Amino acid sequence: MEVATGKKGRFITIEGGEGAGKSTVIAKLYEELKTRGVDVLLTREPGGIDIAEKIREIILNPAHTQMDERTEALLYAAARGQHLAEKVLPALAEGKLVLCDRFIDSSLAYQGHARGLGIDAVYQINRFAVGDCMPELTLFFDVQPETGLARINASRGREVNRLDLEGMRFHELVREGYQLVMERDPERFVVIDAEQPMEQVYQSALQALLDRL
Ligand code: TYD
């Protein structure tokens, strides 16, 4: 698989923990860019790609309780490679701006740091999957785990419960993981303060995007 050829579009990714408002904001960014006449593709892994969907089903299947963390990381990388090859790279070759909800940094933060596999190890397998096709810009939606989980629960109409709080340490590790990843590659990232009301989060993200285009 030649993953690095024919690239002339712009590849931009959005990252963040749970309840950061990524999906709401990314949908608005997509609409705004289209209105401005930008040829844009909005996608997210596994992105409707049959092979990647099937890999994702294996990862998420609740019956697979025995799945090893390394297997999980490899499967995420495999699904990512397929989504890239089948959808992202062709769009970039056509000169599109590709906005992707989560990419390699999710694996670095979740599998590499929060699950403890090591950011370097997870980076290596992902580089094998994606070649040198890295985003030119990544917007990191930064939210405290408490705020993010409260938002998720508010949208489900219930309070934060004991189980959510037990999971808090994991979400803190995810956030810490993203900080470590950003320190390794500071030029690629713009941090968006996702504690703000959603409209302001959107305005900050739009501004960051327009500044780079
Ligand atoms: P997703 O379906 O993208 O949901 P959202 O972006 O709305 O949170 O991701 C589902 C979960 O999978 C989310 O908790 C993050 C996790 N994830 C990983 O652990 N590693 C990865 O490489 C990716 C892409 C996601």
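From the backbone N, Cα and C atoms, a Cβ is placed for every residue, glycine too.
The annotation ATP binding site is assigned in TrEMBL to G16, G17, E18, G19, A20, G21, K22, S23. Counting only residues at least six positions away in the same chain, the Cβ atoms of K22, F140, F141, D142, V143, Y178, A194 sit under 8 Å from the Cβ of G16 (ATP binding site).
The domain 'Thymidylate kinase-like' feature in TrEMBL is assigned to 14-203. The domain 'Thymidylate kinase-like' (14-203) scores a mean pLDDT of 95 in the predicted structure.
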Subject >> A20 (ATP binding site), number of other Cβ atoms within 10 Å >> reply: 25
**OP:** Just jot down the residues in the same chain as G21 (ATP binding site), at least 6 apart in sequence, with C-beta under 8 A of its C-beta; none if empty.
**Re:** F141, V143, R151, A194, M198, V201
**OP:** Have a look around G19 (ATP binding site) and count the other CB atoms within 10 A of its CB, chains all included.
**Re:** 22
**OP:** Only counting partners 6 or more residues apart, tell me which same-chain residues put their Cβ under 8 Å from the Cβ of E18 (ATP binding site).
**Re:** P145, G148, L149, I152, H171, V174
